[in-house]
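Okay, structure first, notes after.
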Amino acid sequence: MDKLLITGGSALHGKVRASGAKNAALPILAATLLAEAPVTLTNVPRLRDIKTTLALLERMGAQLTQDGDTVWSEPRPLTSFAAPYELVKTMRASILVLGPLVARYGRADVSLPGGCAIGARPVNLHIDGLRAMGAEVTVEGGYIRARADRLQGARLVMEMVSVTGTENLMMAAALAQGETLIENAAREPEVIDLADFLNALGACIEGAGTDLIRIRGVDRLGGADYRVMPDRIETGTFLVGAAMTGGRVRVNDTCPDCLDAVLQKLREAGAEIVTGSDWIELDMRGRRPRAVEIHTAPHPAFPTDMQAQFCALNSIAEGVGTVTETIFENRFMHVPELQRMGADIRIEGNVAICRGVERLTAAPVMATDLRASAGLVLAGLVATGETLIDRIYHLDRGYETMEQKLLALGANIQRVAGDSRTAIT
Ligand SMILES: CC(=O)N[C@H]1[C@@H](OP(=O)(O)OP(=O)(O)OC[C@H]2O[C@@H](n3ccc(=O)[nH]c3=O)[C@H](O)[C@@H]2O)O[C@H](CO)[C@@H](O)[C@@H]1O
Ligand SMILES: C=C(OP(=O)(O)O)C(=O)O
């Protein structure tokens, strides 16, 4: 199992390009199930989760080819309508095939995702929404079994803001008969990206990016060429790295408007930030960050996916910072690992209270989930000595060639194989 070996102490300097967004590419790939003509997607990140999604779609009989950051999909009749447990357990986003399968083929058997390292991941809102659209849905033996002749448009009032719930129901409604209203919809930029893709296929969706999405169902969807939006979480992770190491980094090919809450916190931490239409430059040279107060909540508030990175920042910042996690009940698995590196963090319920220390000390640590891994990488960049991060397969789910990008920015980082310290190039 690969590990990352980081020798802390080098400030990040230079330019880095943001990859395409994992959390936009995954629903868009699921939405190719709705297309009756060829689709070409560009800016698809080369990630483990993307491979898993392609494997899942291919297992159903779909035909997809990936070359670099481009994925081509050719319409082909499906041979299976199931998302099996072995795949869903490695990637919760597999649930996103539910809406498209029921909408287009009238049937789906999708494994329940269950919980994961960051907490429970219920999907009751997806199921309730499909039922409200006329599907017959049963949950048995760990599987969601959904059947429908043709889904009917409905008024769906989401009890909680759910990103994948909004996405699944939007895809289902795209081919339903009549109009669907999704109220209290998620406003994440990735929801807008999916709506834009569906509209490019011929769907009639208005209001994505607001809390009221109106979908007029159509009889069929065609094909399209579509470019996936940039990854705002990857972008934010590099910016926090620059802020923590006292560096200066420009992230190109990104979306500054998607990152308002994150940039505001980085400014509060003392960073100078300049943005252009598709780039962000952060300058923290000669300064130590100030601790900040974070409250995670649905977009446009501070994203839960940037919380671990800010825990790492607070751990070496001046003063006391708090991080309140309101989306997932168990998303502090990085904290005990940061403590092992000398961080002074106390958890009270869903709040991590951190008194910044002058420096962290390297230690062997273990990644427990995707963003926790990112937080540990950032901590390793500023720790004295060599930090060895185990279980980085979590990182590979969501960050494209992270160590190579950090290396190009001046970090002392390498991927090593198993227990050895042999670099993997
Ligand atoms: C609103 C929010 O910030 N969502 C995050 C969530 O999306 P993801 O789509 O995985 O999760 P949801 O947005 O659906 O969940 C948001 C909240 O609603 C609850 N819920 C959800 C669906 C449901 O049927 N029933 C239910 O109770 C969840 O337990 C959670 O507390 O994790 C992703 C991966 O970290 C992040 O990229 C998203 O930003
Ligand atoms: C936890 C994440 O992904 P997933 O919802 O696929 O688990 C993430 O993107 O931070």
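Yeah, the Cβs are placed from backbone N, Cα and C, and that goes for glycine too.
Annotated UDP-N-acetyl-alpha-D-glucosamine binding in TrEMBL involves ARG92, ASP305 plus, out of the candidates ILE280, ILE327, the residue ILE327. Selection of the binding-site residues ARG92, ASP305, ILE327 by a Cβ distance under 6 Å from ligand 2 yields, in sequence order, ARG92, ASP305.
Sequence-distant contacts of CYS116 (active site, proton donor), defined by Cβ-Cβ distance under 8 angstroms and a gap of at least six in the same chain, are ARG92, ASP369.
Comparing ASP305 (UDP-N-acetyl-alpha-D-glucosamine binding site) with LYS22 (phosphoenolpyruvate binding site), their Cα atoms are 12 Å apart once rounded. With respect to ligand 1, the recorded positions LYS22, ASN23, CYS116 contribute ASN23 as residues with a C-beta closer than 6 angstroms to one of its atoms, given in sequence order. LYS22 (phosphoenolpyruvate binding site) and ILE327 (UDP-N-acetyl-alpha-D-glucosamine binding site) have their C-alpha atoms 19 Å apart, to the nearest angstrom. Listed in sequence order, the residues ILE118, ARG121, VAL163, THR304, PHE328, ARG331 complete the 8 Å Cβ shell around the UDP-N-acetyl-alpha-D-glucosamine site centroid, once ARG92, ASP305, ILE327 themselves are left out. Note: the CA-CA distance between ASN23 (phosphoenolpyruvate binding site) and ILE327 (UDP-N-acetyl-alpha-D-glucosamine binding site) rounds to 16 Å.
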